[in-house]
Structure formats: structure tokens, C-alpha cells
Amino acid sequence: MTDYSKTVNLLESPFPMRGNLAKCEPAWLKSWYEQKRYQKLREIAKGRPKFILHDGPPYANGDIHIGHAVNKILKDIIIRSKTQAGFDAPYVPGWDCHGLPIEVMVEKLHGKDMPKARFRELCREYAAEQIARQKKDFIRLGVLGDWDNPYLTMDFKTEADTVRMLGEIYKSGYLYRGAKPVQFCLDCGSSLAEAEVEYKDKVSPAIDVAYPFKDTVALAAAFGLAGIEGKAFAVIWTTTPWTLPASQAVSAGADVVYQLIDTPKGKLVLAKDLAEGALKRYGFSDGIAILAETTGDKLENLHMNHPFLERDIPMLNGEHVTTDAGTGLVHTAPAHGLEDYAVCNKYGIELYNPVNAEGKYISETPRVAGMSVWEANPVILQWPEETGNLLASSKIEHSYAHCWRHKTPLIYRATGQWFVGMDKAGSDGKTLRDKAIKAVDDTEFFPPWGRARLESMIEGRPDWVVSRQRYWGTPMTFFVHKETGELHPNSAELLEKVAQRIEEKGIEAWFSLDKSELLSAEDCEHYDKLPDTMDVWFDSGSTHYSVVKQREELEWPADLYLEGSDQHRGWFQSSMLTGCASSMGRAPYKQLLTHGFVVDQNGRKMSKSIGNVVAPQEVYNEFGADILRLWAASTDYSGELAISKEILKRVTESYRRIRNTLSFLFANLSDFNPIEDAVPQAEMVEIDRYALVLARRLQERLAGGYYPRYAFHFAVKDIVSFCSEDLGAFYLDILKDRLYTTKADSRARRSAQTALYHITRSLVLLIAPILCFTGEEAWDIIGGGEEDSVLFHTWHEFPAINEKAEAELVKKWTAIREAREAVTAAIEPLRADKTVGSSLQAEAEITAPEEMAGYLNALGEELRFALLVSKAEVKVGDELAVAAKASDGEKCERCWHYTRDVGAVAGYETVCKRCAENVGGEGETRHYA
């Protein structure tokens, strides 16, 4: 008896269904590194148009977390897809190396008692250790880049170029020194940049304090009254009692309506809209009378006494005054608030600051000298109470600025700092704010809402405090006049001389510099080196100049910056400002892409205390990095990205669908040589030509749309749908009969293999930017061998087909697919009640509208192959309808179709006539399916 299983083309796949990614990926990485794939790619891509994604440097401290992984994976997908699109897309990874967190860690490890040069040396060593750890993890994620030559903000050349960027901004006229209130962290002992501030709830005392008017005659006139009997008070409300010793004025809103109210305390001035609530706080319900009303502009330049100090307090008009809460009058301490500073500056009031750099009151401050501002709060609360000027006291929970590192409350404190001015006219007559807002207009945003967010932040941001009183940072290499505080007139030339020294020896070249090496003897008497370092956001914000503009393989401006949504106030903004404030005069990027933060499946932030942290190291060790990459790509990054073990298991199912599809494709291509066996498109079976159209359209959607627009979640959805619907549930399902049962080298089978070859090459290229390990594993089989890489190739080129023929082909097969779905649905009840096992056991009678019926009948005897039934008949009717029944034919042992011609050919008693021809004759021919 013949064993017909040996006559079918069931081939083993060289691409296993189990990926075993966690085990295989490290070995592949080692091999790629040894082959110098990144370097080879640079040679291959030489001369192509450039695409530059500039890496926002992660901070060199601690292991990478899942947010880092998302960021680097998204960048890598872009670099790979741009490379395959025909660009030269080098990727230079970087690290942010200076700053307080490293200082804190070094102090923990080694203490504080050491020479500053040794301290900086230890900071440099610590940063290098952290970089080595993080680099290993980034490489493990499959991120392609120049890992042997990354940029570090602590590289001598980068430090030197950061100093040069400072020189650029100095020459542009935006740098100035001022004693302004800035966000100050008592734990850091330093001012903070806007990006280093976070807001969380804090409970604070809320008090109403009365300021006695000096001249009630002038007050009466402001309210249009002939006179006022008794005492009168302006009442303020504040949640920062510790600032009252620095109170130098009270601000009223020029257009706000104020009432003069007679109360048991005396005459009180309160905003009309807030008076009722204020009087309730003071417990005044009886003996109240509204005497008059006026607007805030009439109160300007009235004078009061301080509620507990001997100090004259003028009434000012301030635009910052609102009637949202409080009393409508604002106690004004220019040393402790930006708006306070601005209004006092307008009136020429000289700033008084009673709080030192440790957050303690100076010795001249009565009662609270030597106390920290937080210790002093209860003492200061007693003070106006003793003078009879405390009207109400309570607690309030409100959003308050905290240090992002120490999580402790900040204070506004006036300090001598260096600023980049937002509204100061530069050497070109333009303000930095105007330039930056124009630069926002010239930038493309992904997602689009990023534009409004960045624009509003730039519109509202204060001047940028760029100086820091720290040790581990790029120095502000200026010489400052000892008496006037002015910069040396030759600062630009001196900066360049210092930069040249730093390029040779690093920042220590400045810290160890004797000023006599660069200044004349006379200048040495009058000028000192500035001891400040630069804000680390200036370091990273200057990398477009220190890295992108300097490295030969890169081009300025970068095409794309890609970071988390917090970087609108961080790196995106600092880079924008340095770009606009320098001679470049524009943003250093053309596009900005923002991704959300990673949360758990319930939308909660990752937290060790909750126990919901998903570490990337755990994911790639258990599932493989390709699963993590597929998760990142399949999630809409414009919002929060949810991750958990359950979510990763679902992602694994999608991966399995793609992998199983590839395994099937490779199995059926294992005896196919595209040079010798390919069938010209015009001679291919019709459904094979249709499948090529589907594959080409998929490639067009991804290569022409989703990848260039960074819509990776749509790309993944489309790939999985193509594998499961177009291939798995339709084309490959139909194709199995022809692949397995026709002669191995028949035109019918070679036509199918020709289609599969094009589909497979295209599919591997399409998945490779996302599934970089799986893509390379597959390319080893269908590409040019082990030394070849999928990255060395651009998108697949399909055989050409004219538009009219394609449109007709798609229309026809769309109708056939619709009919097939109806047939499948009609057979389902027969399967459910065990009348038939598979659809091949059934016959179908189809009623269809005329056009569809024409398409179906055009397939002739091959219609049954397209519908996966043993027999199909078609007749014309108004609507699509299918009647299915069990076939009365006999099952062919070889093809499993049920026919009435099993055993019709002598010597082939258990197989159908078609199979007999395929085994012993010339083989069947196919035209349609």
C-alpha cells in the first residue's frame, strides 16, 4: 500500500516556532558586535541623506528603569526604520554626568572632608561606573548605536564646548547678573532650575494680618469720604508667615473693587468679592457696616505700618493680585517671590533679604535670628497676635513647590545669580522669549498637543537661573570685578582661552587655574574667578552644540528630539533656549516627539512600596528583549504606557502569531531558489498576485505612513492583522493545498513560493525595526547569510503592476473573500453538531448578486479551493446566501478533499483523480487559486 504522506511537500522550517529569545539574544548581540555591524552600516549608508535623532542624555546614576527602556526602544525603532527607508541615521548615545545627585552619592560613599579636586575626581569615577552599568542594559535591549564612542557631558571636549556655548550666549547679550528671588533648596544649598521643581500637596499655616494705615485722612480721600474715625487697616492673607519679616509693601489690584468696612476691630480694607468670607474667618457677624467702595488704583501710594516691625509699608498696584482667595490685598516681599520682586522693582523699592543661604534668618532679624524659616513660622505667628494684628489663623493644604531630588519644600530666596534673560533685548534687538516662541511655530510636534504645552511654558517661564553653587559641574569661567561685579571686558576671548585648557585637562583646568596665567598684574588686583558652576540643564541643553555640531557623522540641526513628557520643561526647553540665544538663532531640532510615563495595569505609577515595579532586566531575562520592544511599540505612547506580567503575556501572543507565520513561510520556501524558481508576475496564479498586492499595500502603509509618522502602535496592529487575517485566515489557508499537494517543481507551486518569497522578505524588513532580534534571525535565512544584516537593506521592491489591473484584482478578490466568510459561517452549525469535521467535508451552494456571482464563477473548478470546500456551485440572486451540507463524496487520503472520483485512476484506489495526476502524471495546473 502506498504511503502518500511521502508524496506531499511537507518541509521542515529552518525558523523554529519557539523563539527562545531570552537565551538566544545575548549570543546574537555578541556576534553582531564582533562583526562590527554598526560600523559596517555607517560605510554602507555613506552618501545617503542624513537623519539625525539626538539622544537626550539619561542621568548617570543608578540602574535603568522601564521608562529608560521605553525611551531607548522608541529611538531605536526610529533609527532602524529610517535606515531601512534609505537614510544615513547614525545614533550617538549620551549621558548627563555632572550635578548634585552624583555629589550626594560620592559624599555618602567617601564623606565630605577632602580637597575639592579629589572630590571632583571621585565624582568622575562614580559617573563612569554608572555609565558602564547602564550601557550594558541599553545594549541588551538591542539598541543600535556607537556604544564605543558615546558622548558624555563630562568629556573634556564636551565640557570645553559647553563653556563655548556660555560664551555664545554672553556675546548675544542675554546673560546678566542679578539678585532675584529664585527657587532655592535648603538641602541642596543651591538655586534650582524650573525643571528641577515638582509640585505636591503641603499643609501650611494660613493667616490674615492687619497693616495699620498711617494717614486715615488720605485713606478717607481714596474712598471719597470726608474723614475716618478710629484706626484703619489693610488686611492681607498669606500661607508663608515666615516671609513677613521681609514684607516691604502691600499690593492691590488696580481694577479690583475694595470696600472700607466698619468692624469691631476697626475699619478694614478688603476686596469686595472676598469680604464676606474674610469677615466670617474673623468671627465678625455683628456691628459691621460697609462705609464706601473704591478701586485699587485709588489706594496706590498710601502708607501703612508693618504689623510688628518698625517699617514703612507703601501700597502698590500689582498685576498679580487676584480675587481667587484671601483678601484681595497681597503682602509683598521682593526677596521671596518673583511677582513681589517685579512689582517692587517697578516702584524702585530696594530688595531686603533677611534669609541666608542656609535658610536661616540673619543676625539683624529680631526674635528669629539664627532660626530656619520653618522653625520660625510659629514664632512669627505669635508676633502679630501680640500687636493685635492677627485676625485669623488656620491650616491649609495646597500644592507647593518641592525639590525633585530631596522631595523637601522649597523657598523663594533672593540670591546673587547669573541669569539668561527671557525679556532682555539681545545684541540683535530681539528678546529670547520672542525667538523661542517663533521657534515653537517652526517645530513639528508628535503628538500635536506638545506645541501648546511648550509654547505656554515658554510664555510663562521666568528668566533662567544658570548658575549653581556646587563643585561637580561645568564652571562658569568668568572673571568678575571685585567691587562692581561686572564681567571682564575681554570675557569672550578669556572664555575661549579657558575652553582650550579644559579641552586638554577637563574642568580641573579652571578650578586649578591661577588667574595670573591669563590676567595682567593690574587685572589680578581687581578681578576674581567666578566660583559658580552651571546648571546641569545648561550642560545637556548645550549638547546640540557640543555634540551634534561637533561630531563629523552628525548634522545640525537635529531632525528629532524624543523624550518623556516631562522634558517640555526640561531638555526640550533648555535646548530650545540655548539654540535661540546663541548665534544659531533657532531651535536645534525640527521635530519633537513626546512619550508618556509607564504605569501598571491599573494606571498607578511604578512604586517599590506598592510592589508594582516592572524592571526591564526582569522582562528581557524572562521573555526576551523583543517582547519588551513589541510591548513598547504596540502601546500608544502619546498617553501613559501600561505594563504588567499579564499585559506582557498578551504581547507574547501577538509575537507568537508573527513568529508562527514566519515559521510557516520559511518552511514552504526551504526548497525555493528565487533566481532559478521564481515565476514572472504575469504567469502567477491569480490569488498569488492578489496576495502580493496585499503585502505591498501593507509595506506602503508602514514604510510610507506609520514609520515616518512614528505611529508604531498602528504598525504593530497592521502587521499582526496581516499575519492573522490576510495570511493565516485567508491566503495561507487556501495555499496549503497547492503547496503540499501539487508537484514540487510545478508552476502552480512555484507561483505560490514566488509570492511567499516577496511576502517574507517584505514582512521581515517591516518587523525588523521593532523586533530587531527576530528580524535578524529571519534575515539570516532569507538574506545574504550570517555576515549580512537586515539593516543593510532598504524596503522590499515588489514586482510592478499597473493601477487598473490592481484595482480590478482587489475588487474581485474582496468579493470572493466576502463569499468565503459567508460559506464559513454557513458551515459552522454543521461543525457544531458534528455533521462535518472540517470545511472540506462540506459542499456549498451560493446565491450571490450578479457581479459577485460572476467573480466566483470565473474561478471555475478552482472555486472550491478558494472557499475551502469539496464542491461549490453558484447561482445569481438578489442577496448573498449560502446553503451548506455534508459532501456525499469520499475522502481522498492524500489531499483530504471529499470527491466522487476517489479510486477513479487505476493503481490509485485511495486518492482522487487530481492527486493521482500530481503523484504519477504531469501534475495539475492552476490559474486562480
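Placed from the backbone N, Cα and C atoms, the Cβ positions cover glycine too.
Database features, via Swiss-Prot:
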type	residues	note
MOTIF	58-68	motif ''HIGH' region'
BINDING	GLU563	L-isoleucyl-5'-AMP binding site
MOTIF	605-609	motif ''KMSKS' region'
BINDING	LYS608	ATP binding site
BINDING	CYS892, CYS895, CYS912, CYS915	Zn(2+) binding site
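Under the three-state DSSP scheme, CYS915 (Zn(2+) binding site) falls in the helix class.
Neighbour counts were taken at the CB atom with a 10 A radius for the binding-site residues LYS608, CYS912; the maximum falls on CYS912. Within 8 A of the CB centroid of the Zn(2+) site residues CYS892, CYS895, CYS912, CYS915, the other residues of that chain are THR741, GLU893, ARG894, TRP896, HIS897, THR899, VAL902, VAL911, LYS913, ARG914, ALA916. Secondary structure at GLU563 (L-isoleucyl-5'-AMP binding site), taken from DSSP and collapsed to helix, strand or coil, is strand. Within the set of binding-site residues (CYS892, CYS895, CYS915), the lowest number of other Cβ atoms found within 10 Å of a Cβ is recorded at CYS895. Counting Cβ atoms from all protein chains shown, GLU563 (L-isoleucyl-5'-AMP binding site) has 20 others lying within 10 Å of its own Cβ. Each residue in the motif ''HIGH' region' (58-68) gets a DSSP state, and the totals come to 3 helix, 1 strand, 7 coil. Using Cα positions, the member of the binding-site residues CYS892, CYS895, CYS915 nearest to GLU563 (L-isoleucyl-5'-AMP binding site) is identified as CYS895. Taking CA atoms as the reference points, LYS608 (ATP binding site) and CYS895 (Zn(2+) binding site) are 58 Å apart.
For the motif ''KMSKS' region' (605-609), the number of residues in each DSSP class (helix H, G, I; strand E, B; coil) is 0 helix, 1 strand, 4 coil.
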